[in-house]
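Inspection log for the structure reproduced underneath, given as structure tokens.
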Amino acid sequence: MALIDISRSVSPATAVWPGDQEVQWTWTARRNEDESSVNLGSLRLSTHTGTHVDAPLHVKRQGQATDDLPLDSFVGPARVVDVNANAPSVRPEHIGQLDGASAERVLFKTSSGVSPDDEWPDAVVPIQPDTIHALADAGVSLVGTDAPSVDPLDSTDLPAHHALLDTGIVNLEGLVLTNVPPGRYELIALPLKIVGGDAAPVRAVLRDAPDP
């Protein structure tokens, strides 16, 4: 079964939140140079680089860290929802009727996703808190977006982040859904096991959902 890569590429050219740690890649050893028998690389980056999961610790001082997040939230049935290109935010009417297991994880495809990996967007399509509460009522365990944040980029009170925290929904940001049609899929998006982390990079993929 073919996999669809929905992850941002990570390189020194990858755009990051203004003021955040930029991606730094260096070779610490090169084969056949300096008597080394192997190539070794060193990578320095923000926990929020590219496609990543936010842990509750990101917005709550004593919140749950990435290594404590339940792994079953990151694997299983998912639905890609295509939000109107002109929509200023993701509202309850965009989610429609979510059915059964395919509603366990919802990924929003918005106009935010058109920015290339090396360009930070001027604005994003945020998710309204009432949308998040509607998703929680439908039994959703994970919400994903192709935006680098579920809130407006200039937000300081972070209402969507806190709504996700209050409802216990996992927050997956920075997806690449440009060429993914809306519909049912299986999501696999396991975060790095960073002890005490506020967030963690993810390699996220989709594959066609198995027949019900």
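In case you wondered, yes, glycine gets a Cβ from its N, Cα and C as well.
For the Zn(2+) 2 site, Swiss-Prot records His161, Glu173, and the single candidate of Asp20, Asp34, Asp54, Asp67 listed with them is Asp54. Checked against Trp17 (substrate binding site), the recorded positions His48, His52, His58, His161 differ in C-alpha distance, with His48 being the nearest. Mapped onto three states, the DSSP output places His161 (Zn(2+) 2 binding site) in helix. Here is what falls inside 10 Å of the CA of His58 (active site, proton donor/acceptor) among the binding-site residues His52, His161, Glu173: His161.
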